[in-house]
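S.K.: Before anything else, here's the structure in question.
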Amino acid sequence: MNNLLEFDRHALLAGQWWRLWTGHLVHYTPQHALIDFAVVLAAAVIVVQLSATPAIGMRRLALALGWGAPFISVGMLLIAPACLTYRGASGIASMLVVMAGGALWPRAARSVRAALVLMAATLLAKIGAEAAGYAHGLSDLPADVVVAWQAHLLGVVAGAITFAVRKPRLQLD
């Protein structure tokens, strides 16, 4: 079943467009899925809870997932021609982490903003290390699977775009 859903460059180019979305739903191992799910869940809760209403937050989340998944997948087609297959929600997780950080920023005290900047720098350093070939090994990927750092970078870009185009919220504090 995973083979029918994963990002597969040749299948996508042959017209199997559902893979633009479904490649983010399948994983190589249960541990890989658990790590991605934990980050996605935590960031999604922040995005929803810090929206004007839960309904607006859920709509924002649905729209981000609906356009973010194909944005990351099309980006992978364009900037990672050597990537023949991809599975995982880490690109989506990166997008939601950026959105969560953006939602936290205006409400944060100075010390919390410093922590948010440090977390953003850590995420970018992680992506840079992955691009240089360093892997942390926490997701228990099979030996022949290389971390798709490009998906993480595209997720950061998608999160920044989503945050930038959101409708500003009127605060009456």
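Heads up, the Cβ atoms here are built off N, Cα and C, so glycines get one too.
TrEMBL lists these features:
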{"type": "DOMAIN", "residues": "15-164", "note": "domain 'Peptidase S54 rhomboid'"}
{"type": "TRANSMEM", "residues": "33-52", "note": "transmembrane segment"}
{"type": "TRANSMEM", "residues": "61-80", "note": "transmembrane segment"}
{"type": "TRANSMEM", "residues": "86-105", "note": "transmembrane segment"}
{"type": "TRANSMEM", "residues": "112-135", "note": "transmembrane segment"}
{"type": "TRANSMEM", "residues": "147-165", "note": "transmembrane segment"}
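Tell me about the setting of these features in this model.
M.R.: If you look at the transmembrane segment (61-80), the same-chain residues 6 or more away from its ends with a CB under 8 A from one of its CBs are 7, 9, 12-13, 19-21, 23-24, 44, 47-48, 86, 91-92, 95-96, 99, 148, 150-151, 154-155, 157-159, 161-162.
Sequence-distant neighbours of the transmembrane segment (86-105) (same chain, 6+ residues past either end, Cβ-Cβ under 8 Å): 2, 6-7, 23-28, 32-33, 36-37, 39-40, 42-44, 46-47, 50-51, 61, 64-65, 68-69, 72-73, 76, 112-113, 116, 119-120, 123, 127, 148, 151-156, 158-160, 162-163.
Using a Cβ-Cβ cut-off under 8 Å and counting only residues 6 or more beyond its ends in the same chain, the transmembrane segment (112-135) has close neighbours at 94, 97-98, 101, 104-105, 141, 146-147, 149, 152-153, 156.
Within its own chain, the transmembrane segment (147-165) is flanked in space by residues 60, 63-64, 67-68, 71-72, 75-76, 79-80, 83, 86, 88, 90-99, 102-103, 123-124, 126-127, 130-131, 135, 141, which lie at least six positions past its ends and keep a Cβ under 8 Å from the stretch.
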S.K.: Using a Cβ cut-off under 8 Å, which residues of the same chain at least 6 positions beyond either end of the transmembrane segment (33-52) come close to it?
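M.R.: Same-chain contacts beyond the ends: 27, 58, 60-61, 64, 88-90, 92-93, 96-97, 99-100, 103-104, 107, 138-139, 169-170.
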